[in-house]
Amino acid sequence: MTERTLILIKPDGVKNGHVGEIISRIEKKGLKLVELDLRTADRETAEKHYAEHSDKPFFGELVDFITSAPLVAGIVEGESAIAAWRQLAGGTHPVEKATPGTIRGDFALTVGENVVHGSDSPESAEREIGIWFPNL
């Protein structure tokens, strides 16, 4: 089934020069980039995006990090795009769960700065795309 998913290349991925390689991996996976935007997220957008974590002790740090510098927000489309992107991204915790050869396995050093984000379900994708690309 053709799906769309939100992707974020977080500030650490932009700062460390991984944007080109990440986009290349997306295209090699057969996924299509339908939107791509370099921007610095504002607090309101970040807080909406991470609302499910608002009661967690790391929420403030997460919002501070994602708004600290430019990131790339995008929409990727393709067959089972959500699962395909999550497979490319690798596990959330780069040391314990991200396999070498995945984006996080190759580029991330900590769970807090783990290079990329991707929606985890069709419902999350719809919600997150609406937050980052409200005019679509």
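In case you wondered, yes, glycine gets a Cβ from its N, Cα and C as well.
What Swiss-Prot says about this protein:
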BINDING   K10, F58, R86, T92, R104, N114  ATP binding site
ACT_SITE  H117  active site, pros-phosphohistidine intermediate
10 Å Cβ neighbour count around N114 (ATP binding site)?
23
In the chain carrying H117 (active site, pros-phosphohistidine intermediate), residues 6 or more apart in sequence that have Cβ under 8 angstroms from it:
L6, I7, L8, K10, A89
Of all the Cα pairs drawn from K10, F58, R86, T92, R104, N114, the residues the record ties to ATP, which distance is largest, in Å?
22
So what sits near T92 (ATP binding site) in its own chain, CB-to-CB under 8 Å and at least six residues off in sequence?
A98, R104, V111, N114
Give the sequence-ordered list of residues that share a chain with F58 (ATP binding site), lie 6 or more positions from it, and have CB atoms under 8 Å from its CB.
G112
